Amino acid sequence: SMSQNDATEAEPQTSKKCFGVIKQYLLVHCVFAVAATLVSAGIVNINVSTLERRFSLDSAQSAFIVISYDISFCFVTVVLTYFGATANRPRLVGIGSAIFGVGALVYSLPHFLSPIYQYGDNLPSGINNVFSAATKIVANFHVAVTCGAKNETFCGTEQHETGLSNFMYVLLFGQLLQGCGSTPLYTLGLAYIEDNVSKNSAPIYLGIANSATILGPMIGFVSGGLLLDMYVDIDKVSRDSVGITPSDPRWVGAWWVAPVAVACLCWLLVIPFFLFPKEIPGFVRANRIQSAPPKTQQFPCRRRLRLIDQDAGIKEKLRNFHTALFTLLRNPTFILLTLGGCSQLLVINGVSAFIAKVIENEFNVTASRSALLAGVVLVPAGVMGHLVGGFTVNRFKWDTPSIIKFCAAMAFVVSALSPGAILHCDPVQTTGLFVPYRDSKNGSDDTSGSLAIRLDSSCNSNCSCSQEYYAPVCGADGMTYYSGCHAGCSERDENMTFTDCQCLPSSLINSTGRTASPGSCETQCGKLPIYLFIAFLMIFFTFVSTTPALVVTLRIVPQSLKSFGLGIQWLFLRALGAIPGPFVYGGFIDSTCILWEVNECDGSLGSCWVYDSTGMAVRFMAI
């Protein structure tokens with residue numbers, strides 16, 4: 001074998017050619033990483049509340065859609081990294097890119113297979129004023145009769161959408177395919193990079209590769225937020241015929257556009273991936289000797305372990321599988337580092353899945369704005385964290401124990417900042433939910449401070465209002481009402497302003513009039529910038545340790561088990577961290593729901609209309 005000096009002399013001769021090829025691979029790798037995470041960690045997460053409204057899903061169902069990506073990753077990663085470690089890894093990543101493209105296209109299929117979105121209306125149908133074209137479309141779907149008459153809801157298949165929640169399985173299947181397609185990227189692709197760069201350069205290259213996985217969500221949050229301002233059926237109906245705006249809680253944006261575009265990009269990336277060699281001759285051999293563990297470092301079962309090479313048959317690899325697995329599981333540093341990553345990823349996946357929804361509900365902003373804020377402010381913190389972590393390890397040339405101590409220190413800083421997550425704004429004062437009706441016999445005397453969840457009152461008792469559709473209006477008295485019907489409004493003029501609203505104070509008759517405008521009343525709250533700043537710091541210090549932890553993992557496993565080691569580590573990270581994360585957060589968020597959508601035909605619950613922002617903030621901080 002070559003000595004250390006021989007390896008050092010051989011490196012300059014191959015470095016130019018090697019770095020040229022590896023930089024080209026790094027570029028294509030990063031493009032795929034951006035495309036994949038743009039959908040899986042960006043678009044999918046900001047679409048949570050949108051898909052809940054569009055297909056009548058609750059938070060638990062939407063969380064299951066999110067984590068199905070990680071479930072398929074777990075099933076594929078062990079087999080792929082063990083048997084694919086000696087194959088042409090760039091080509092396997094290319095095949096994964098093709099599969100991911102198919103998954104992204106399947107994820108968007110529900111839009112093309114489902115009927116045109118019907119957002120409902122909660123006005124008395126006896127209004128004699130002229131309705132807009134959009135209102136006429138709505139009236140064909142849901143009709144509420146005038147005050148004093150019996151409310152009639154049509155539950156026929158042509159009048160009431162049913163079975164939309166079944167599209168959850170199509171979304172689920174698309175996520176499963178995306179998980180399978182991205183598995184080679186995070187395991188074989190990173191190992192291929194590490195094998196073809198020097199030990200000192202590895203943290204920088206891995207930091208850049210990891211940064212791409214954060215840049216993708218940033219682009220996803222920003223572009224997804226802009227797309228959510230476009231109406232979901234923009235390809236089927238005219239925008240002028242839509243009678244609601246993005247500020248309306250019933251609004252559903254164009255959630256399906258980005259996955260279609262990403263699918264096309266992933267299919268194009270297959271070509272360059274197939275052009276890269278299996279390995280770069282000369283430099284790989286030198287790098288293996290350079291990064292070989294010192295003689296004092298012992299690996300359990302090392303003597304009984306045969307190197308995994310391209311000449312080994314399937315039967316021989318199967319015989320060595322348990323030995324390779326126990327080699328990793330009996331390495332205490334590997335296990336403890338993996339368990340630490342599990343707790344970290346549980347929070348990362350849970351927060352990334354619901355952070356836009358939390359901002360939307362805790363700070364009373366639209367879904368598109370919350371997505372933009374999450375993308376523009378929070379995601380760059382992750383990119384900076386990855387880069388700073390990689391450059392820090394490279395700058396100080398730390399040994400493995402020093403890197404682990406650095407990771408622990410960063411985790412402590414994040415924990416110290418976590419109480420900042422309790423910041424939130426007061427909820428919109430909706431009459432019947434947070435405050436009682438002024439003329440309500442029971443509500444006016446309620447001094448207990450508890451939530452007054454009672455939408456009916458003497459002022460709207462003859463209106464037969466429906467709870468199925470949440471269409472808040474802002475009254476001239478500065479209070480928000482569940483809908484124009486619940487405000488007792490009997491008319492609406494050409495400007496879409498509700499008039500003659502019986503639930504508003506009679507003192508307004510001679511001033512502004514008893515009117516109401518569509519949408520919730522605006523609230524003044526200056527806590528959002530502080531919240532985003534604290535969240536920025538937490539995410540930054542979280543991701544600062546990610547690349548150093550990856551460097552440690554690749555240093556503490558045998559050379560022949562690098563890909564397999566990453567696969568086993570990702571298996572635990574997904575199974576114990578990424579998968580339960582959205583379920584934990586989704587379950588806690590659902591527990592703060594104050595008012596659910598109620599289907600008038602069968603009484604089933606749909607998505608949540610209103611949350612308790614205080615309870616949501618407390619639970620978010622506690623996790």
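Backbone N, Cα and C define each Cβ position, glycine as well.
Worth saying up front: this structure is predicted, and the values here are computed from it rather than measured.
Summarising the annotation, TrEMBL assigns transmembrane segment to 25-44 (among others). Residues 65-66, 69, 90, 93, 97, 100, 104, 107, 175, 178-179, 181-182, 185, 189, 192-193, 196, 205, 208-209, 212-221, 223-224, 255, 258-259, 262, 265-266, 269, 272-273, 276, 352, 375 of the same chain lie 6 or more positions beyond the ends of the transmembrane segment (25-44) yet place their CB under 8 Å from a CB of it.
Over the domain 'Major facilitator superfamily (MFS) profile' (26-623), the average per-residue pLDDT in this prediction is 81. Per TrEMBL, the feature domain 'Major facilitator superfamily (MFS) profile' maps to 26-623.
The transmembrane segment feature in TrEMBL is assigned to 64-85 (among others).
Annotated transmembrane segment per TrEMBL: 92-113 (among others), in sequence order. Remote same-chain residues near the transmembrane segment (92-113) are listed as 29, 32, 35-36, 39, 44, 55, 80, 84, 167, 170-171, 173-185, 188-189, 192, 232, 255-256, 259-260, 262-267, 269-274 (criterion: CB distance under 8 Å, separation of at least six residues from the stretch ends).
Residues or ranges marked as transmembrane segment by TrEMBL: 167-193 (among others).
Per TrEMBL, transmembrane segment is recorded for 205-232 (among others).
The feature transmembrane segment is assigned by TrEMBL to 252-276 (among others).
The transmembrane segment annotation in TrEMBL covers 334-359 (among others).
According to TrEMBL, the feature transmembrane segment maps to 371-391 (among others).
Annotated domain 'Kazal-like' per TrEMBL: 453-505, in sequence order.
Look at TrEMBL and you will find 530-554 (among others) tagged as transmembrane segment.
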Within-chain partners of the transmembrane segment (334-359) [C-beta distance under 8 Å, separation at least 6 from its ends]: 41, 45-46, 48-49, 59, 63, 66-67, 70, 217, 221, 328, 365, 367, 370-371, 373-374, 378, 404, 407, 411, 528, 531, 535, 542, 545, 549, 552-553, 556-557, 565, 568-569, 572-574, 576-582, 584-586, 589, 616, 620, 623
Distal contacts, the transmembrane segment (205-232) - CB-CB under 8 A, six or more residues away: 22, 26, 29-31, 33-39, 41-43, 45-47, 50, 54, 111, 117, 186, 189-190, 193-194, 197, 239, 242, 246, 251-258, 352, 356, 367-372, 374-376, 379-380, 382-383, 385-387, 389-391, 543, 546-547, 550-551
Number of helical, extended and coil residues in the domain 'Kazal-like' (453-505), per DSSP: 0 helix, 13 strand, 40 coil
